[in-house]
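Visitor: This is the structure I want to talk about, given as structure tokens.
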Amino acid sequence: MFIISQYREHRSLSILTQTCTIFRSMQVSSKHENLSVSFHLTPLQVLIITGTSSGIGLAAATMALEEGAKVLGVDISKPPDSLARHANYQFFQADLSHPEAPARVVEACSRTYGDRIDGLLNIAGVMDLNQSADSLSDNVWERCISINLTAPVKLMREVIPIMKLRGKGSIVNVASKAALSGAVSGVAYTASEHPWP
């Protein structure tokens, strides 16, 4: 597994696109049960990408489609028409804070593309309104943790058995550099965005 950190804060699509091109040439090895990991996109690879309606998720989906991949895009908001109309893009609307959403995402991918998942890009994320610990509501805490941390873990749990059957697959978990520095505000976001080992 490889973790991309530091990039969620960028808002420029050109910077995001440049960042996402890193995926094209990256080779990473995995220590988990001979599961090979490669970020070399080839035509017809099937990818699940969360957060495809804006930001890094949109840039990653656009790049993957340009490379010939088939993408199941997941977001709570509908994607831009330019993405939605692409022949190799299928949108699945889901609120990743709901406990059953990750399983439904993988079921939708299987219905659309069969029992093949070559990659999972966990990019969707939410902020916590920069609330400090003494003003943080339970709802904001739970939403940040469920979308930024729990949903990616559940999605990995769903796709790894499929990847093991094929003997290969790639997982990218996008984290934030905010998790590596302390601050008075942003407690839930910081806790939920720590890069995983």
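For all residues, glycine too, the Cβ spot is worked out from N, Cα and C.
From Swiss-Prot, for reference:
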BINDING   Ile49, Asp95, Arg157, Tyr189  NADP(+) binding site
ACT_SITE  Tyr189  active site, proton acceptor
ACT_SITE  Tyr189  active site, proton donor
Visitor: Which whole number of Å gives the largest C-alpha distance between any two of Ile49, Asp95, Arg157, Tyr189, the residues noted as binding NADP(+)?
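Guide: If we measure all Cα pairs in Ile49, Asp95, Arg157, Tyr189, the largest is 22 Å.
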Visitor: Around Asp95 (NADP(+) binding site), how many other C-beta atoms are within 10 angstroms of its C-beta?
Guide: 12
Visitor: Just jot down the residues in the same chain as Tyr189 (NADP(+) binding site), at least 6 apart in sequence, with C-beta under 8 A of its C-beta; none if empty.
Guide: Val126, Met127, Asp128, Asn130, Cys144, Asn148, Ser176, Ala178
Visitor: Could you tally the C-beta atoms, other than its own, that fall within 10 angstroms of the C-beta of Arg157 (NADP(+) binding site)?
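Guide: The Cβ of Arg157 (NADP(+) binding site) has 12 Cβ neighbours within 10 Å.
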Visitor: Run through the Cβ atoms and count how many others sit within 10 Å of the one on Ile49 (NADP(+) binding site).
Guide: 27
